[in-house]
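**Student:** Here's the feature list from TrEMBL:
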DOMAIN    23-287  domain 'NADH:quinone oxidoreductase/Mrp antiporter transmembrane'
DOMAIN    289-343  domain 'NADH dehydrogenase subunit 2 C-terminal'
TRANSMEM  56-80  transmembrane segment
TRANSMEM  92-111  transmembrane segment
TRANSMEM  123-145  transmembrane segment
TRANSMEM  151-170  transmembrane segment
TRANSMEM  177-195  transmembrane segment
TRANSMEM  201-221  transmembrane segment
TRANSMEM  233-254  transmembrane segment
TRANSMEM  274-293  transmembrane segment
TRANSMEM  324-346  transmembrane segment
Amino acid sequence: MAPLIYSALITSLGLGTTMTFASSHWFLAWMGIEINTLAIIPLMSQNHLPRATEAATKYFFAQATASATLLFASISNAFFTGEWDITQTPNTPTSTLITLALAMKIGLAPLHSWMPEVMQGLTLFAGLILSTWQKLAPLYLIYQIQPNNPNIFITLGVLSIIVGGWGGFNQVQLRKILAYSSIAHLGWMILILSFSPPLALLTIVIYLLMTFSLFSSFILTRATHINSLSTTWAKIPILTISTPLILLSLGGLPPLTGFMPKWLILQELTKQDLTPLATLAALSSLFSLYFYLRLSYAMTLTMSPNNPAGTLPWRLNPRHNTPLMALTTTSTICLLPMTPAIMALMSF
C-alpha cells in the first residue's frame, strides 16, 4: 500500500473516532463511526489474500447492519422525542435498539458471531486496531446512553463473559483466542457500566493496555498459532518471561494489573446486593483463565519443534521499535499496588 494512502486511512481512523467523541448529535456520531468503518476495511484487505478479503467482507456486512439499525433507532428517537441530542435518549424501545446496534458494533454476545471469523482473517496489526481503537467510539456512545433499567447491560455482560470464555476453550489459532478474550473483557465493562461508570472506564483503559501489550508481543514473534509460541525463546528470549505474565494479567490473577478491575467490579456488585451475579461472573471467568494458562504453558513449559516450518526468524535481523510496548507491558504487570491511588483519582 502506498504511504500516502496508508497515512490517509490512519488519519481517517483518528478523525472518525474524534468526531464521535466531539458529537452531541446522533447523526454526527453515526457519521464518525461510518468513517471509522470505511477506513479500516482497506487496511484489512491490503495483502489481497482470499481469507483477508473474506474477513473484510464479513466485517462490512456486520457493521453495515449495525449502522443501519443505529441510524433507524436514532431517527425514531428524534421522531418520538423531537431531540437529536445523544443525552436525551429516554428509556424506550429506541434506546434498547440503539444499545443492541452498538453491542453488535463492538461484538458483544449474543451479537458476536462475526468477531472471531473476522479476526482470524486479519493480520495481527489489523487485529490490534479492531480490538482496541475500533471499540472506542461505540463504547463512548454506550457510556452516554446508560438506561435507567440496567437489565439489558447485565444480560449482555453476563452472556459476553460466558461466551468469551467458552468460545476460546478449544481454539488453537491465536487471533480467534484474542477475539474471544476481547468479548469477555468487554462483557465485564458492560456489566458494571450501569452501577459505576468510572469503574467501567478504568476497566476499558486496562483492557486496552493489556491487549496492546499482548498483540505487540505476537507481532514481534509473528505468532499466529499456539504451536508457534514454543519457539519464542529462540526469537526474543525476554518475551518468554513477559508474555506469560501479560496472559495471566488478562486472566485476572493477582498480583498483576488485570486483577484490579475484576476485584473492584465484584466488590461493587456485592455492594449492590447482586452477590449471585458476582458469583456467576467470577465462575464464568474461569473459562477464560483456562485458555490463558494454556497459552502460558505452551510458551514456557514446552520445547521447540525439531524442524520448524518456514523461515527461521531468529536468523533474521529484527528491526522493531519497542519503547511503547515496554511501557504498556510494565503497566500491564505492575499497576495493582496503585489501586488505592487510582480509586481516589477516579472517585469511586
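Cβ coordinates are placed from backbone N, Cα and C, and glycine is handled just like the others.
Can you tell me where each of these features sits in the structure?
**Tutor:** Sequence-distant contacts of the transmembrane segment (92-111) (same chain, six or more residues past either end, CB-CB distance under 8 Å): 33, 62-63, 65-67, 69-70, 72-74, 76-77, 80, 134-135, 138-139, 141-142, 145, 147, 152-153, 156, 159-160, 162-164, 179, 182-183, 186-187, 190.
Residues 103, 106-109, 112, 115-116, 118-120, 127, 131, 135, 139, 142-143, 146-147, 150, 153-154, 156-165, 167-168, 171, 203-204, 207, 211, 214-215, 226, 250, 261-262, 265, 268-269, 272, 277, 281, 285, 288, 291-292, 295 of the same chain sit 6 or more residues outside the transmembrane segment (177-195) yet have a Cβ under 8 Å from a Cβ within it.
When Cβ-Cβ distances below 8 Å are used as the criterion, the transmembrane segment (324-346) is approached by residues 198-199, 201-202, 206, 209-210, 212-213, 216-217, 220, 242, 245-246, 249, 254-260, 263-264 of the same chain, each at least six residues removed from its ends.
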**Student:** Same-chain Cβ contacts of the transmembrane segment (201-221) under 8 Å, 6 or more residues past its ends?
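**Tutor:** Sequence-remote neighbours of the transmembrane segment (201-221) are 124-125, 127-128, 131-132, 135, 139, 143, 174, 178, 181-182, 185-186, 188-189, 192, 228-229, 231-232, 235-236, 239, 242-243, 246-247, 249-250, 257-258, 260-261, 264-265, 313, 318, 320, 322, 324-325, 328-329, 331-332, 335, 342, 346.
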**Student:** State the residues, same chain only, that lie 6 or more residues beyond the ends of the transmembrane segment (274-293) and have a CB under 8 A from a CB inside it; answer 'none' if no residue qualifies.
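**Tutor:** That would be 154, 157-158, 161-162, 164-166, 168-169, 171, 177, 180-181, 184, 188, 191, 247-248, 250-253, 262, 265-266.
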